[in-house]
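K.L.:
Below is a structure I'd like to ask you about.
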Amino acid sequence: MAMGSASCISLVVLVALATAASGQLSSTFYDTSCPRALATIKSGVAAAVSSDPRMGASLLRLHFHDCFVQGCDASVLLSGMEQNAGPNVGSLRGFSVIDSIKTQLESICKQTVSCADILTVAARDSVVALGGPSWTVPLGRRDSTTASASLANSDLPGPGSSRSQLEAAFLKKNLNTVDMVALSGAHTIGKAQCSNFRNRIYGGDTNINTAFATSLKANCPQSGGNSNLANLDTTTPNAFDNAYYTNLLSQKGLLHSDQVLFNNDTTDNTVRNFASNAAAFSSAFTTAMIKMGNIAPLTGTQGQIRLSCSKVNS
């Protein structure tokens, strides 16, 4: 009998170890250790987005740029390093919003809620704040002690990407073509800098609505004004909806990498589907966001829970 109970205990331990090793995230992770965590993040995001609607897009982009480099580990929040990479420098924003939420959480639950989880939940709350769908976020990510500017440069797809380059970049993170088209729909909110669409509006692309291109030239001259902004979705710039896809149907994608999704190519039908069926887009987007949020998390005893999101614990 003693033998039996001993082997039973070791089995329980083995199962627990296997669960920790497989990086099992759980939506109830903070229910006991920090019950007010989710409400605190939500109110912090709501306040930030209410005072600056663009912040919703900025926080969503911050999460994307985090997850595509070393996984969703808050490496992008560490000062310097990834923040200096080409896709990030001079364009990433929202750090102060995350820092402010982190400070609040530290005051109620010391060293409990990771920066990686704060960023993942904030991305979801940003979408919801702008009228988009909600989803349950698996939790339990831990924070990295490293960051990589070189991986940010190699793994984040740029605004000049072709459809096949986008597919490859997402597939590298186990996100399929439908996931890629759905996540591109995050461009239903936010803005882009002139330097990222200048070539497209001055003859570099033929698949652009002429009147649309003309309307963009006033605030994006052929030289200078690199950081001047334009809405990624001209129709409903601050509403998270499926208008991004409707815009693509009339060749009004702002970035080259937007319009390639509807350009007599293999992704055209997915774009048509999302343009005509808001529920289909919402469903595909939430599925893809959960998948993206599950990219290579640090769990269990891996990494750490940073006390301050911008620096590794001393």
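Quick reminder: no glycine exception, Cβ is built from N, Cα and C everywhere.
Note that the structure is a prediction, hence the values are computed from the model and not measured.
As listed in TrEMBL for this protein:
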ACT_SITE  H65  active site, proton acceptor
BINDING   P157  substrate binding site
BINDING   T188, D233, T236, D241  Ca(2+) 2 binding site
DISULFID  C34-C109  disulfide bond
DISULFID  C67-C72  disulfide bond
DISULFID  C115-C309  disulfide bond
DISULFID  C194-C220  disulfide bond
SIGNAL    1-23  signal peptide
K.L.:
Identify, among the disulfide-bonded residues C67, C72, C194, C220, the residue whose Cβ has the fewest other Cβ atoms within 10 Å in this structure.
P.N.:
C194
K.L.:
Centre the Cβ atoms of T188, D233, T236, D241, go out 8 Å, and tell me which other residues of that chain have a Cβ in range of the Ca(2+) 2 site.
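P.N.:
Result: I189, T235, P237, A239, F240, N242, A243, Y244.
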K.L.:
Using Cβ atoms only, which residues of the same chain lie under 8 Å from C109 (disulfide bond) while being at least 6 residues apart in sequence?
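P.N.:
Within the chain, C109 (disulfide bond) has Cβ neighbours under 8 Å at Y30, S33, C34, R36, A37.
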K.L.:
Cβ neighbours within 10 Å, counted over all protein chains: which one of the disulfide-bonded residues C34, C115, C309 has the most?
P.N.:
C115
K.L.:
Given the binding-site residues T188, T236, which one's Cβ is surrounded by the fewest other Cβ atoms within 10 Å?
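P.N.:
Fewest other Cβ atoms within 10 Å, among the binding-site residues T188, T236, is found for T236.
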K.L.:
Specify the count of other C-beta atoms within 10 Å of the C-beta of D233 (Ca(2+) 2 binding site).
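P.N.:
Looking across every protein chain shown, the total is 27.
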K.L.:
So among the recorded positions H65, D241, who's got the most Cβ atoms within 10 Å?
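P.N.:
Ranked by Cβ atoms within 10 Å, first place goes to H65.
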K.L.:
Once the chains shown are all counted, how many other Cβ atoms turn up within 10 Å of the Cβ of P157 (substrate binding site)?
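P.N.:
By my count, 19.
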K.L.:
Calculate the distance in Å between the alpha carbons (Cα) of T188 (Ca(2+) 2 binding site) and P157 (substrate binding site), and round it to a whole number.
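P.N.:
About 18 Å separates the two Cα atoms.
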K.L.:
Closest of the recorded positions to C194 (disulfide bond), Cα to Cα, picking from H65, P157, D233, T236, D241?
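P.N.:
So, of the listed recorded positions, the one sitting closest to C194 (disulfide bond) is D233.
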